[in-house]
Amino acid sequence: MRLPRVHLRLASTAAVRLHPPPSGAISHEIRGKNEWQLELDQHIARGQLAIARQVFDRIPAPDARAYNALIRAYSWRGPFHAAIDLYRSMLHRRVPPNKYTFPFVLKACSTLADLRSGRAVHGHAAAAGLHTDMFVSTALIDLYIRCARFGPAANVFAKMPMRDVVAWNAMLAGYAQHGMYQHAITHLLDMQAHDCLRPNASTLVSLLPLLAHHEALSQGTSIHAYCLRACLDQKEEQVLVGTALLDMYAKCKHLVYACRVFCAMPVRNEVTWSALIGGFVLCDRMVEAFSLFKDMLAQGLCFLSPTSVASALRVCASLSDVRMGTQLHALLAKSGIHTDLTAGNSLLSMYAKAGLINETMALFDEMAVKDTVSYGALLSGYVQNGKAEEAFLVFKKMQACNVEPDVATMVSLIPACSHLAALQHGRCSHSSVIIRGIASETSICNALIDMYAKCGRIDLSRQVFDKMAARDIVSWNTMIAGYGIHGLGKEATTLFLGMKNQGFAPDDVTFICLISACSHSGLVTEGKHWFNLMTQKHDILPRMEHYICMVDLLARGGFLDEAYQFIQSMPLKADVRVWGALLGACRIHKNIDLGKQVSRMIQKLGPEGTGNFVLLSNIFSAAGRFNEAAEVRVIQKLKGFKKSPGCSWIEINGSLHAFVGGDQSHPRSSDIYQELDNIMIDIKKLGYQADTSFVLQDLEEEEKEKALLYHSEKLAIAFGILSLGEDKSKTIFVTKNLRVCGDCHTAIKYMTLVRNRAIIVRDANRFHHFKNGQCSCGDFW
């Protein structure tokens with residue numbers, strides 16, 4: 001490339017000699033250009049780009065040097081599109097760009113991910129014969145990598161006659177940023193083998209996050225050893241290298257090594273502190289993470305960053321320490337970081353997880369800038385706090401503001417459909433993820449499996465499961481759990497065996513789902529087998545949830561004494577949930593004496609909620625011991641526990657209709673009651689008799705029958721029959737917040753006969769598929 005430049009100089013000299021200009025003209029022109037250039041450079045150096053542009057516009061005939069100076073300034077400081085516009089002006093004025101022009105304008109294209117302009121510049125560089133220049137080629141590689149065009153980037157790289165470590169690093173950084181682990185490792189080895197180049201600090205800082213993401217600890221320790229040999233930990237880049245090493249160890253969950261690297265670093269910055277705090281949060285060591293955060297603040301507020309604050313707020317959310325979270329909020333306001341989007345989103349998440357929805361909404365409204373994460377945090381908060389309808393409103397607002405939902409947002413939204421058992425909303429969400437091209441994401445598929453299962457369509461759950469490109473342990477567990485709540489214990493067992501055949505090792509959650517599925521299907525022997533297999537073959541130590549499932553399995557199956565003995569033999573002290581599982585079975589099997597004994601144990605431990613009081617009261621009421629039932633309700637009231645009223649809801653044409661017992665607030669209330677009366681007349685002809693033992697108050701027999709007649713699930717089913725009309729192909733799907741009572745269970749079986757309809761009821765325990773006078777639970781729930 002040097003020979004042409006020398007040739008051009010000689011040509012110019014010859015031209016001047018042949019055609020001498022007027023005296024003094026050359027010196028005046030050169031002097032004028034030098035003065036303009038000097039003034040332009042001074043303003044650029046001061047960062048006064050607006051003034052520099054004014055100076056540039058006054059230059060009579062700016063040359064490549066002037067263009068390059070301003071294009072370079074724009075490409076570094078912005079506005080980046082101004083660099084591209086100035087380059088086009090340069091071409092328009094027929095000023096030939098040189099090898100200094102192309103790297104700067106390509107940098108602007110790369111920053112804007114403007115592939116179209118970048119390709120045009122590539123063509124101009126090729127026409128000028130400069131496309132293989134080391135600096136131009138490196139800029140082209142960076143552009144194509146930024147735009148995820150690895151083919152063109154590799155072609156440019158391969159055609160470079162000489163490659164320095166910067167060019168190699170550009171390719172490696174691209175592979176690392178896009179998670180291409182094998183490509184990055186191969187590229188690193190080729191760099192040392194082909195061009196005999198040694199990786200520098202930039203190489204390793206690009207590579208280490210990729211190793212951290214893949215938890216490639218052995219490769220990470222090899223990199224660490226290389227750093228020590230090459231003394232990279234003692235040079236000016238030591239903060240960058242040390243922080244990257246620390247982050248790698250933390251994300252590989254080797255906090256001891258991370259702490260050693262941290263302690264060995266003589267200089268640390270805010271990123272170093274954030275990486276270590278984030279590592280402790282990742283390993284769920286929240287108390288130590290917050291202690292580190294306080295140590296960081298003691299070193300000075302200069303180390304405070306949005307990332308470290310985000311980690312600290314996550315700690316507050318995990319520890320349910322709202323007081324400390326609000327103090328951090330105040331600290332952020334004082335330091336000015338509260339306006340940062342990352343910090344604001346972390347605050348939103350903290351308040352939402354704490355159940356402080358009003359505070360979450362107020363903060364959301366105050367935020368000047370909101371992104372997908374902001375809406376996702378608010379939406380997730382509503383879903384986690386049982387406000388599914390509000391979550392849908394947030395999603396609609398998000399769409400109205402043209403904020404594109406990401407995978408995390410949809411994973412938060414889909415459970416809202418599950419909570420409301422809103423199948424049509426769920427199908428719309430499914431369509432939405434298909435349109436956005438994220439339906440194949442494993443986390444999305446897992447959410448869809450759970451949603452369809454909880455909306456009564458276990459068949460659609462299985463379809464999603466079977467079509468998944470990649471399954472993880474959550475996929476298998478969710479599908480097994482779905483079969484469980486539908487009482488399909490044998491299908492759950494078959495799936496579990498298929499999971500093992502495909503090489504997936506079950507975890508502790510797998511066995512919770514499996515034993516629970518056996519419990520809902522009355523498969524007591526099978527459930528006991530899986531529990532023993534878990535401990536003996538898979539070396540999984542049972543936790544409280546496993547014991548709860550086992551007690552529920554034995555007790556529901558009528559083995560109350562065995563369940564009681566099982567609790568007594570537990571290596572852990574049984575908590576309220578374990579005893580509550582046994583208490584529930586005492587009610588089903590009407591074992592009052594054991595129920596009272598279990599109740600005393602619960603009273604000692606302190607009931608966790610209303611459920612256990614209600615269970616004991618119901619046991620007494622069912623036995624006709626209404627005075628003792630009343631005493632339990634008095635104690636319940638004195639302790640501040642309130643019973644949730646029975647509520648059922650049904651989705652018709654995308655709209656949810658809710659009912660409570662004896663409800664007359666619905667616009668079609670008179671039609672609903674008339675239809676229900678007609679149904680009761682018809683089912684009594686088939687032999688239905690109201691089971692008044694499920695009326696838990698001391699009433700006359702006729703009053704008891706009336707109380708049973710207008711239970712919320714019966715009202716919802718009657719409305720469903722009215723709304724769906726003569727279309728017998730549509731299944732009526734009702735959700736109830738409590739366990740369906742025995743009388744309603746019997747009545748619904750008769751309803752399927754007199755109205756020739758399939759009915760599905762999801763109660764607090766499981767699904768009941770009613771058809772042709774039968775229920776899928778086999779009267780076992």
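Backbone N, Cα and C define each Cβ position, glycine as well.
Heads up, TrEMBL stuff is auto-annotated, nobody curated it.
The repeat 'PPR' feature in TrEMBL is assigned to 63-97 (among others). The helix, strand and coil residue counts that DSSP assigns across the repeat 'PPR' (63-97) are 27 helix, 0 strand, 8 coil.
Residues or ranges marked as repeat 'PPR' by TrEMBL: 164-198 (among others). Shown for the repeat 'PPR' (164-198): DSSP residue counts in helix, strand and coil, namely 27 helix, 0 strand, 8 coil.
If you look at the repeat 'PPR' (269-303), the same-chain residues 6 or more away from its ends with a CB under 8 A from one of its CBs are 239, 242-243, 246-247, 249-251, 253, 255, 258-259, 262, 311-312, 314-316, 318-319, 324, 335. Summarising the annotation, TrEMBL assigns repeat 'PPR' to 269-303 (among others).
Beyond the repeat 'PPR' (371-405), the same-chain residues lying 6 or more positions past its ends with a Cβ under 8 Å from any Cβ of the stretch are 341, 344-345, 348-349, 351-353, 355, 357, 360-361, 364, 412-413, 415-417, 419-420, 422, 425, 432, 436, 656. The repeat 'PPR' annotation in TrEMBL covers 371-405 (among others).
According to TrEMBL, the feature repeat 'PPR' maps to 441-471 (among others). Long-range Cβ contacts of the repeat 'PPR' (441-471) within its own chain (Cβ-Cβ under 8 Å, at least 6 residues beyond either end) map to 407, 410-411, 414-415, 417-419, 421-423, 426, 429-430, 433, 478-479, 481-483, 485-486, 488, 504, 731, 733, 760, 762, 767.
Under the heading repeat 'PPR', TrEMBL lists 472-506 (among others). Below 8 angstroms of C-beta separation, residues 442-443, 445-446, 449-450, 452-454, 458, 461-462, 465, 513-514, 516-523, 526, 530, 534, 538, 540, 766-767, 769, 776-778, 780-781 of the same chain, each at least six residues beyond the ends of the repeat 'PPR' (472-506), sit close to that stretch.
Taken together, the residues in the domain 'DYW' (687-781) have a mean pLDDT of 80 on the 0 to 100 scale. Among the features that TrEMBL reports, domain 'DYW' is placed at 687-781.
DSSP states for the repeat 'PPR' (371-405), grouped as helix (H, G, I), strand (E, B) and coil, give 26 helix, 0 strand, 9 coil.
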